[in-house]
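Features reported for this protein in Swiss-Prot:
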type	residues	note
SIGNAL	1-27	signal peptide
BINDING	CYS46, CYS49, HIS50, MET86	heme c binding site
Amino acid sequence: MDHKKTSIRTTALAALVLGAVAAPAFSAPVDQATYNGFKIYKQQRCETCHGATGEGSAAFPNLLNSLKNLSKDQFKEVVLKGRNAMPPFEANKKVAEGIDDLYTYIKGRSDGTVPAGELEKPQ
């Protein structure tokens, strides 16, 4: 039996277990509307253009900044009707029916009340 390999495996396993226990949670509890909006953002792949946290890219708008200037009605019009490179989503049932929740999530990110990262499903 190779004690050196066994010792390394044991140490690696212990580090893995302790790391998992000591690792901070990367999710935050939120209300149902915010959680629904978060799920729509992820499932409808908004992050493809606007980034995982809504901060955009060189080619696509930073939604966090945009929501500092757009009203809820203006946001809904842009998402549902489209604008410039933004395609319209009014034919997308999930987006159209969940537009208020999507706004709630992105507005919360914009205002700093909703953290970046995964969100916990409300109890």
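Glycine residues also receive a Cβ, built from the backbone N, Cα and C atoms like all the rest.
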Most distant Cα pair in Å, residues CYS46, CYS49, HIS50, MET86 binding heme c: 10
Reduced DSSP assignment, CYS46 (heme c binding site): coil
For CYS49 (heme c binding site), nearby residues of its own chain (Cβ under 8 Å, 6 or more apart in sequence): GLY56, SER57, ALA59, PHE60
Binding-site residues: CYS46, MET86 - member with fewest neighbouring CB atoms within 10 Å: MET86
Cβ neighbours of HIS50 (heme c binding site) where a neighbour is any other Cβ within 10 Å: 21
Chain-mates of CYS46, CYS49, HIS50, MET86 with C-beta within 8 Å of site centroid, heme c: GLU47, THR48, GLY56, PHE60, PRO61, LEU63
